[in-house]
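As recorded in Swiss-Prot, the features of this protein are as follows:
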type     : residues      : note
DISULFID : Cys55-Cys62   : disulfide bond
DISULFID : Cys184-Cys196 : disulfide bond
DISULFID : Cys190-Cys203 : disulfide bond
DISULFID : Cys233-Cys246 : disulfide bond
DISULFID : Cys248-Cys257 : disulfide bond
DISULFID : Cys319-Cys332 : disulfide bond
DISULFID : Cys334-Cys343 : disulfide bond
DISULFID : Cys488-Cys500 : disulfide bond
DISULFID : Cys509-Cys518 : disulfide bond
DISULFID : Cys576-Cys588 : disulfide bond
DISULFID : Cys597-Cys606 : disulfide bond
DISULFID : Cys670-Cys683 : disulfide bond
DOMAIN   : 25-100        : domain 'EMI'
DOMAIN   : 99-129        : domain 'EGF-like 1'
DOMAIN   : 223-258       : domain 'EGF-like 4'
DOMAIN   : 398-433       : domain 'EGF-like 7'
CARBOHYD : Asn73         : N-linked glycosylation site
CARBOHYD : Asn140        : N-linked glycosylation site
CARBOHYD : Asn183        : N-linked glycosylation site
CARBOHYD : Asn312        : N-linked glycosylation site
CARBOHYD : Asn358        : N-linked glycosylation site
CARBOHYD : Asn418        : N-linked glycosylation site
CARBOHYD : Asn504        : N-linked glycosylation site
CARBOHYD : Asn540        : N-linked glycosylation site
CARBOHYD : Asn585        : N-linked glycosylation site
CARBOHYD : Asn630        : N-linked glycosylation site
CARBOHYD : Asn695        : N-linked glycosylation site
CARBOHYD : Asn795        : N-linked glycosylation site
SIGNAL   : 1-16          : signal peptide
TRANSMEM : 801-821       : transmembrane segment
Amino acid sequence: MLPVILIACLAQLVLAQADLKDLDGPNICKRRELYNVDVVYTELQSFQERGSTWCVTFPPRCSTYRIKHRVVNKTKTIAKNRIVRDCCDGYIASAGECVPHCSEPCQHGRCISPEKCKCDHGYGGPACDINCPPGWYGRNCSMQCDCLNNAVCEPFSGDCECAKGYTGARCADICPEGFFGANCSEKCRCENGGKCHHVSGECQCAPGFTGPLCDMRCPDGKHGAQCQQDCPCQNDGKCQPETGACMCNPGWTGDVCANKCPVGSYGPGCQESCECYKGAPCHHITGQCECPPGYRGERCFDECQLNTYGFNCSMTCDCANDAMCDRANGTCICNPGWTGAKCAERICEANKYGLDCNRTCECDMEHTDLCHPETGNCQCSIGWSSAQCTRPCTFLRYGPNCELTCNCKNGAKCSPVNGTCLCAPGWRGPTCEESCEPGTFGQDCALRCDCQNGAKCEPETGQCLCTAGWKNIKCDRPCDLNHFGQDCAKVCDCHNNAACNPQNGSCTCAAGWTGERCERKCDTGKFGHDCAQKCQCDFNNSLACDATNGRCVCKQDWGGVHCETNCRSGYYGENCDKVCRCLNNSSCDPDSGNCICSAGWTGADCAEPCPPGFYGMECKERCPEILHGNKSCDHITGEILCRTGYIGLTCEHPCPAGLYGPGCKLKCNCEHGGECNHVTGQCQCLPGWTGSNCNESCPTDTYGQGCAQRCRCVHHKVCRKADGMCICETGWSGTRCDEVCPEGFYGEHCMNTCACPSANFQCHAAHGCVCRSGYTGDNCDELIASQRIADQSENSSRASVALTLVLMTLFACIIFAVFIYYRRRVSNLKTEIAHVHYTHDTNPPSWPPNHNFDNPVYGMQAETRLLPNNMRSKMNNFDQRSTMSTDYGDDCNASGRVGSYSINYNHDLLTKNLNADRTNPIVYNESLKEEHVYDEIKHKEGYKDPDEYDHLDYSRPSTSQKPHYHRMNDAMLNINQDEEKPSNVKNMTVLLNKPLPPTEPEPQHECFDNTNTNLDNVSTASPSSSPKFLK
């Protein structure tokens, strides 16, 4: 019984420990506890060990002793400390928690803290065992309660238990400020001056705040108590949430923010001052200056940039023809030669220009958008260039002014108008980067290849690239006898009638031969193809075994297929008296009489031929692999029957050139390089030929294989019968001869490059460098007389107008001065006689010798602009002068005085005209180096860009095997598209057929005849009174 009790106590202890160990929640305390632990430790222990040793005694052994050490384990008990969790005093463990403990149980309540009960309603006393009616308490409930505000009195002591929100002995007081609830124990959490209700704790917020805890400001637009009032502020002004006073945003003022800042001020409180020029106001919020029309900038200091106008320069001028517009209102200010609201109307007619519209434009108007009404310069249509707009854009350029670079690849041309790529034959795609798909070729890859036997088609020309062992136009003919490989270019090395494989040249030996090249006979005892068969001859009775068919050569008096018998033919047996029944020259076994079949036969009586595919002795040899013939062979000899048009041991070769048909016994009759079909004899004509014998040239306007394609040449030009290439006149190019040479190129198919030595030349599409209009001479450096007179007349007319205006102004000033002078004389009552003196300059300035001079202001109007390859821009021949030359006479050495006048030309004007070059006749710059727009030309003389200009060699030799194919590499010679493109055929035909400008003999001396001319006449000269020329 005692052990059971001990076990139960131990279990209770364990459970209690487990319960304490799992305690959780409040009212748990920690304490230190001592406990014992048994530990095992080691110890070194000494001991004596007895032994024996030799000694002089009997028996001769003596004892010996020595001390040794050993390790032993021992156990001891030690005390340790540990921290344990346990319920604090007054609490006991229950269901894993520490709960209060009342020693006297609460009868009508519950224990809420150590030794304290919380009684149910209507009960009281330490143990909640007293119950009195409401309003009474004490022993026998004889005493009346005096609690206020719905408070409950304790039935035992009469103490008042106050309702929520009240306090005091009798619960007569509300909770002090900042507290609320039962026993006023809860603390208010209202913020920003808010007060809470003493019962519920609800916050009553101060003005300007809201929210359960008064922690939020009034929302925008609200203010006051409970944020119930609306703000009166305008323009996004904010009101003060407590008082409702408006706080204005920058740029606004007034009680309700209704007014902008006064002019000249801006920003928060309108305290910032504007700093704008031109009297411009500033923005009332940002202070940004609001510039008047025509001005811009942070402070309206800058005028509008070119081609802009209006407020903030936000409007774009829409004036045409480089006209400027008024910066304030956008009114167009037209350049000379233009009129209209937008300066879009020419003063002159479309083909006229000049001050009086008396000059005719030299532009090709079909390809010209504009002939400038003042200068006569041609503004070319998109895709056209040159001074007269007669040339399409040069290679690889397109678009307005030919400024854009084409992105076409692989020799393609591009449309000079929109840059669309016109692919060369064999290419496709937007930029011609994609090769034709297999099986297609030609322009736009529109043609289908007709190559056979695995041949590939060259995408540009459609030429068939034959695989090894094949040839002919369509790769439909095997290699001829004794040739093999790619293009049948290799020679076979097979001997002794061996067959040569046309693909790889391997040898197939005839029966009786072996070796890689069939150079060795079969060894003795072997025969047949590859010497694979063993001779069956009785070597005792035979002389030899034929290496070809295995036939035995018997000794004398011996016979039979294998030389096996000495009986006469047709008999067998011991006495050779039995008749042999074997057929087809077969023999009998001399003993048994069984048939020994001859080559090519089988069966009991040798009556059956070898099965298909076999032949020879005992039908053991297989027929050779036949390339172009019947699958079977002769059952006796193994010979094969080739298909029509083939020969060779294995029918591997077609008929030799010029032969066709069965056994290649028929003769071909094809002409002009036509190839004869080795099977049918039908002629396959080269491109450009037709007819059954290829003896007829393609009809007019047709070309190509079978004459199936039509020529597309313009102007009735002839096309080549082989490839359709048009034979163009000089100055034209393109597959249709419809493209004039681009700027800078000339001659046959535009193959020559212009390298004109000066700006007075122009590149003629047919003849190369020729003089520009208005120039003549070997070096094109002499003005034609009519051109010089016209230029001088116009310049003289301009000078006359200018001098007239100067004289009129001078005359008006003199009249005004005389009027003032005499007015003063009269007012002073004085009389004076005026003396006017005219002086004569007896020492006119020294003038350097000079033959003549040109004023080039208008001298370049009729010129064609040209981009030179390797030359500097030639300057005008106007020598810089400070005074006007009046040299005259036969040698231009005489000088004449012109009254008392000494006229000095404006130096800037002279320099301006002196430095004018052909790119801009009136450009002025202080530095002559800067004046040469084309001074740095990278391409030296003779340079040609291989990526742009490939020269086509029309005399390119043809190959022996493909004489009808020529690869076209020139970018200009690609087959043209039918797409719409700029056409200048009509005008350029006229242009190229025009005679070249006449060449006048070079004048030795040309001078103005100034002998009887004074300055007035020179200054006011008209076209009718032009100075004469002296020769």
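Glycine is treated like the rest: Cβ placed from N, Cα and C.
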Ordered by sequence, the long-range same-chain Cβ contacts of Cys190 (disulfide bond) under 8 Å (at least 6 apart) are Cys196, Cys203, Gln204, Cys205, Leu213, Cys214
What does DSSP assign Cys190 (disulfide bond), in three states?
coil
According to DSSP, which of helix, strand or coil covers Cys597 (disulfide bond)?
coil
Using all protein chains shown, find which of the disulfide-bonded residues Cys62, Cys332, Cys334, Cys500, Cys518 scores highest when you count other CB atoms within 10 A of its CB.
Cys500
Spatial neighbours of the domain 'EGF-like 4' (223-258) far in sequence, C-beta under 8 Å, 6+ residues away:
205-210, 217, 266-270, 283-286
To which of the glycosylation sites Asn183, Asn540 does the lowest count of other Cβ atoms within 10 Å belong?
Asn540
Which ones are near Cys246 (disulfide bond): of the disulfide-bonded residues Cys55, Cys257, Cys343, Cys509, Cys576, Cys670, which have a Cα within 10 Å?
Cys257
Which value does the mean pLDDT take for the domain 'EMI' (25-100) in this predicted structure?
85
Rounded Cα distance in angstrom between Cys184 (disulfide bond) and Cys588 (disulfide bond) is 145
Could you check which of the recorded positions (Asn312, Cys319, Asn418, Asn540) sits closest to Cys606 (disulfide bond), going Cα to Cα?
Asn540
What subset of the recorded positions Asn73, Cys248, Cys257, Cys319, Cys334, Asn695 lies within 10 angstroms of Cys670 (disulfide bond) at the C-alpha level?
Asn695
Per 10 Å Cβ neighbour count, which of the glycosylation sites Asn140, Asn418 ranks highest?
Asn418
Can you tell which of Cys248, Cys509, Cys576, Cys606, Cys683 has the least company, meaning the fewest other C-beta atoms within 10 angstroms of its C-beta, among these disulfide-bonded residues?
Cys576
In Å, rounded, how far does the Cα of Cys588 (disulfide bond) sit from the Cα of Cys334 (disulfide bond)?
127
